[in-house]
Amino acid sequence: MPAKIIDGKTIAQTIRSEVAVRVQQRVAAGRRAPGLAVVLVGENPASQIYVASKRRACEEVGFVSRSYDLPDTTSEAELLNLIDQLNNDSDIDGILVQLPLPAGIDNVKVLERIQPDKDVDGFHPYNIGRLCQRAPKLRPCTPRGIATLLERCGINTYGLNAVIIGASNIVGRPMSLELLLAGCTTTVTHRFTKDLRHHVEQADLLIVAVGKPNFIPGEWIKPGAIVIDVGINRLEDGKVIGDVDFETASERASWISPVPGGVGPMTVATLIQNTLQACEEYHDVERIEGC
């Protein structure tokens, strides 16, 4: 039986609609709409596409959206100065600096300059530490989005053997923490992993995030497994595919996320959720005064 499709596009739209309702309620009650600042340095075409989708999502849910498009000649000091200004701006609840940054700018220094309570990407050491301590606040967007996909599809993750392919700071490593919270026994594989096929064949839940088209052959998938494909790879003919051989894998898996239309929309929806959360948990005047 073919796998059930995990429709990230529909679930993401539902989440955005839920956030929009909450924003309308806030405004009707005389409170301000959440504010998100999006910073883009340089003219990377892929980054421009991602940033545009995030700005559209902000407008759709009624957020205040501020855009800062900086030239690729921007210095690290200039970027850090902008972040300092946004940290001190009471109308801004979230700051997103689109990665990658141009050569000569230290990604780590920039991300750590964002106040943890405005770190809606969830990359600051404070927020990663909270997730590690099982007391999450603002969680990394893609891992949280995947956890939400599984939850909204009614998939029980407790006791599953979960395997993550890829150990990046953006997906693989924080995803392992999310899956521990979700009750999985979790393995993270990477470029030094031996016998990758063996690990894949043991996975009840497989999450692949390596950025290589059709990296995982479908015949490796354990029958009945849940497959989450994070990869977004554009071929020479313009077609976009994932890291998993979808056609073959979908004949073996019980659930599978497509590319496009799976994880990608959830990353943006989670950014919107995180911005609302930052506003309501950290920055609402009424809440702060009541502490």
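Glycine is no exception: its Cβ is also placed from the backbone N, Cα and C atoms.
If you look up Swiss-Prot, you'll see GLY166, ALA167, SER168, ILE232 marked as NADP(+) binding site.
Shown in sequence order, GLY172, THR189, HIS190, VAL208, ALA209, VAL210, GLY211, VAL230 are the residues of the chain, 6+ apart in sequence, with a C-beta less than 8 angstroms from the C-beta of GLY166 (NADP(+) binding site). Of all Cβ atoms in the shown protein chains, 16 besides its own fall within 10 Å of the Cβ of SER168 (NADP(+) binding site).
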